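Asks: Annotations for this protein, taken from TrEMBL, read as follows:
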{"type": "DOMAIN", "residues": "504-614", "note": "domain 'TMC'"}
{"type": "REGION", "residues": "1-36", "note": "region 'Disordered'"}
{"type": "TRANSMEM", "residues": "151-173", "note": "transmembrane segment"}
{"type": "TRANSMEM", "residues": "283-301", "note": "transmembrane segment"}
{"type": "TRANSMEM", "residues": "376-398", "note": "transmembrane segment"}
{"type": "TRANSMEM", "residues": "418-440", "note": "transmembrane segment"}
{"type": "TRANSMEM", "residues": "460-479", "note": "transmembrane segment"}
{"type": "TRANSMEM", "residues": "572-595", "note": "transmembrane segment"}
{"type": "TRANSMEM", "residues": "616-637", "note": "transmembrane segment"}
{"type": "TRANSMEM", "residues": "683-705", "note": "transmembrane segment"}
Amino acid sequence: MSRASIEDPDTLNVRRQLSSASHRRRTGSSCLNRALSMRSPGGLDAYDSVFESGLEEPLSEEEQAEMRAAIRSLPVPLAMRRLFRNQLQRSPPHEGEKFDAWNLKSFKAMKKASELGRDITAWLTMWSSALKTIEGHFGTGVVSYFLFLRWLLLLNLLMFMLPALFVITPHWILPTVFEPNEMVASTAVTGMPLLPETMAWSVRRTPPNNFSEGAGNRTLLKMEKCYDDYHRKVTYQTKGGISLLQDFLQGTGWLELTALFAGRYINSVDHIAGTKLRYNFPLAYVLTNVACFVLCLLLMVRYTTAGVRESLLVSEGKLHRYCNMVFASWDFCITDERTARLKHVSIVQELKSDLAEERRRAEIASWTRSKKVGLFVVRLLVNLFVVAVVAGSLFAVYHATKFSFQRQSQAQTTHKTLALVIQFVPSMVITGLNIIVPALFSKLIRLENYSVAHQVKLTLLRTVFLRFTSIFVLLLSLYKQINCSPVDEKNCLEGTDDCKKPMCWETAVGQQIYKLTMLDFIVGVTLVFVVECPRKLIVTRCQCKLAKVIGPQEFNIPNRVLDLVYSQTLCWLGTFYCPLLPAITLIKYFIIFYVQKFTLMNNSAPSQTPYRASRSNTFFVIVLLLALFLAVIPFSYALVEIQPSLSCGPFQKFSFTWEVVPNLIKSWEKHPWGWYVVKAVDFLTSVAFGVPVVVVLAISIYYYYSVVAAHTHMEKVLKDKLVLEGKDKQFLLARITEVARQRPSSTA
C-alpha cells in the first residue's frame, strides 16, 4: 500500500499547498514534508526529532516565512504547532541575506506601529464607548443615527476652520473698525471727507471710476455716511437688562455688531505688517465660502462612495447571509464580559432585521390582485393629502414672514417683548410645522403598507421636501423684502412706505437663519424633557388607560435624521451671512448627542420593526448631498445677482458680490504674465470651453454606466452558471445513488 493511501486528506492537502508554495527543495521544506507523513500516536516525538535534525542548516527569511505559513496550516494540535514554531525560531540565520532580513524586520516593525496607531486612534475616537453601548442595546439601525451625527460634527469643525483662518482671524488682526483714532485725512487722495484708513486704502486701490453705475453711485462719502448711520441706529436700539437676552436670541442689538454677522466685516485691502503683501478681505471672504461648499461636497462624495461599497458587500449573497452572520460575525478579540454581552445583543438585533425582511417578502408574494388595487387607491389618496398639507404649510410660512416684516418695526418702538414674539413668528411657524407635519406623515405611511426600508426612505423624502420648501419660501419672502421698492436713495437705499428693506440686508438674512437655528435647538431639547420624559413616567408608573393609548416611545430614526439634515441645511444657507454659524452648529450637535443618548437609553423602547435599511448612513448622506445642492442655489444667486448693502459688509463698493473676482483678474493685466492668465481664465469661463466639457462628461458617464451594466449582467450570468452546476451535481449524485440501490438487486 502506498504512502498516499495511508495519509489522510488533510495531510495530502497541506502537502499540495507546500509543494505549490515553494519552488526550491530546501532542507527545511524536506524536513517538514517528512514530518507531515508521521501521523503515529507518538508523532510529537517524531516531529521534534525531525526538526532538531533538519533545521541545522541556516534558512533565509523567505524560507522561514514559508515554514511558518506551512506550520499554521498543519492539521495538528495547537501545542504541536507551538513546538514547531519554537524550533523554527531557534534555527540559525542565513548569513548571505542579512540585508533582506533587516528589511523584513523593518517592515514588521512599521506594520506593528501602524496597527498600534490604528488602535490608539480607535480608542481616542469620539464617543466610541457610547456608540458600542447604543449598538448593543438597539442595533446598528439606531447607532447609524449617532454615527451620522458624529460625522456632521466633524464636518462642521472643518467648515469652521476655514472662516476662522481666513476671515475671522484677519478681521481681529487687521483694523476693520471705524474708530476716531483711525481717521485720516483722505481729502488729498480722493477729495472727500475723513474716513477710516482701511476704507481709504480700499478706495485708493479701486478708484471711483471703477464703481459700477448699477450700484447706485456708491461714492466714498455715501459709504461712510451709511456705515455711520447704520451703526448709530443699531447702537441706539441696544438696551440693557432683559434686552441683552432678547438680543442674544434674535441676533440684534449688541450681537448685531459682532463678528457673528457679515455686516460687521468691512471692505478693505490691508497691508500685512512687516511685509509688502496685502490682504484682500472681500476676495478672501468669497473664496472661503466657496471653499467650504467644495470641501463639504468632496467629503460627502467620499463618505457616500464608502457607504455604497459597504452596502453592496452587505447585500451580496443573500443565500449566505445567515451563515455569515451566525458563524463569522463574532469578534473573537472580545475579552470583556460587558462588551461580549453587547455584541451578542447586536447580532440578535441584526438577525431580527433580516427575518423581518424575509417575512415582508413572503407577505408581498401572497397578495391578491384585489388587495393590490385597493392598496394603490389608498396610496394615491395619501399622496394627494400629503401634497395638500405641504401646500398649506408653505402658505402659512409665506404669510407669517410677511406679517413679521410688516409689524416688527411698529412693535420695536412700543413693546420689546411683543417685538421679540413678532420677530420669531416665521421661525416658530416653520419649527412648529417641522414637529407636527412629520408626525402626521409617520402615521400616514402606515396606511400605505410599505416595507420598513421603504417607510424610512419615503418619510425622509416627504419631510425633506416640506422642510426645504419651507426654508425656500422664507428666503423668497426675504428676497422680496430686499428687492422691494421704493427705496430712499438719500437714506442708504433703505425701504420706505410699504417697502421694509433693511439697511444691511446681509445681516438681516443672517439673523433670520440664526433665529431658526436657535429656535430649532431650544425646541428640540425642550421636547425631550417636557414631552418624552413625562411620557416615559406615565407609561411606566401609571396603569391607566392613557398609558396604554400613548404607549412606550420608540426612537424615530427618519424624523431625527431629518432634524440633523435641516440643521445642516440652515448652517450652509447661513454661513455666508453668519460666518460663526458652523461653530454654533458644532456646539449644537455636541449637546444634541448627549440629549438624544439620554432620551434613547432612558425614554425609548427598542423598536418592534428593526431598521435594517438604516444600517449604513449612505441614504442619509445622499439626502444631505441633495440639501447641499439646494443650499448652493440661493448662495450662487446672491453672489451674482443681488446688490450688496451700502451700509455694511465687505462688498459695499461692488455692484454685485462676485465682482471682486473679475476685478482681481483684471488687475493682473499689469504684470508680464498677467495677460496670459486673463486670457486663460476668459477661455475657461467661456461657452467654447464649457460645452465640450459637458459633452465629454456626459459621454464618460454613459461609458461607465455601460461598463457597470455589462459587469452586472456578467455577474448574473456567472451566478446562474454556478446554480446550474450545482443542479448538475445534485442530478449526478441522485443518479449514482439510484444506480447503487439497483446494483444489489441485479446481482441477487
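Cβ atoms here come from the backbone N, Cα and C positions, even for glycine.
Model, not experiment: these values are computed from the prediction.
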Asks: Please report, as numbers and ranges, the same-chain residues at least 6 past the borders of the transmembrane segment (418-440) whose CB is under 8 Å from any CB of it.
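Replies: For the transmembrane segment (418-440), the list is 246, 249-250, 252, 389-390, 393, 396-397, 400-401, 403-404, 407-408, 411-412, 459, 463, 466-467, 470-471, 474, 477, 512, 515-516, 519-520, 523, 527, 558-559, 562-563, 566.
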Asks: Between the transmembrane segment (683-705) and the transmembrane segment (572-595), do 3 or more CB pairs sit under 8 angstroms, pairs being 6 or more residues apart?
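Replies: In this chain the transmembrane segment (572-595) does not contact the transmembrane segment (683-705) - fewer than 3 Cβ pairs sit under 8 Å.
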Asks: Taking helix as H, G and I and strand as E and B in DSSP, count the residues of the domain 'TMC' (504-614) in helix, strand and coil.
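Replies: The composition, in the requested order, is 87 helix, 4 strand, 20 coil.
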Asks: For the transmembrane segment (683-705), what are the same-chain contacts with Cβ under 8 Å, counting residues 6+ beyond its ends?
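Replies: Distant contacts of the transmembrane segment (683-705): none.
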Asks: Under an 8 Å Cβ to Cβ limit, what residues of the same chain, 6 or more beyond the ends of the transmembrane segment (283-301), are close to it?
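Replies: Tertiary neighbours of the transmembrane segment (283-301) are 155, 158-159, 162-163, 166-167, 170, 262, 265, 572, 575-576, 582, 621, 624-625, 628, 631-632, 635, 639, 650-651, 657-658, 660-661, 664.
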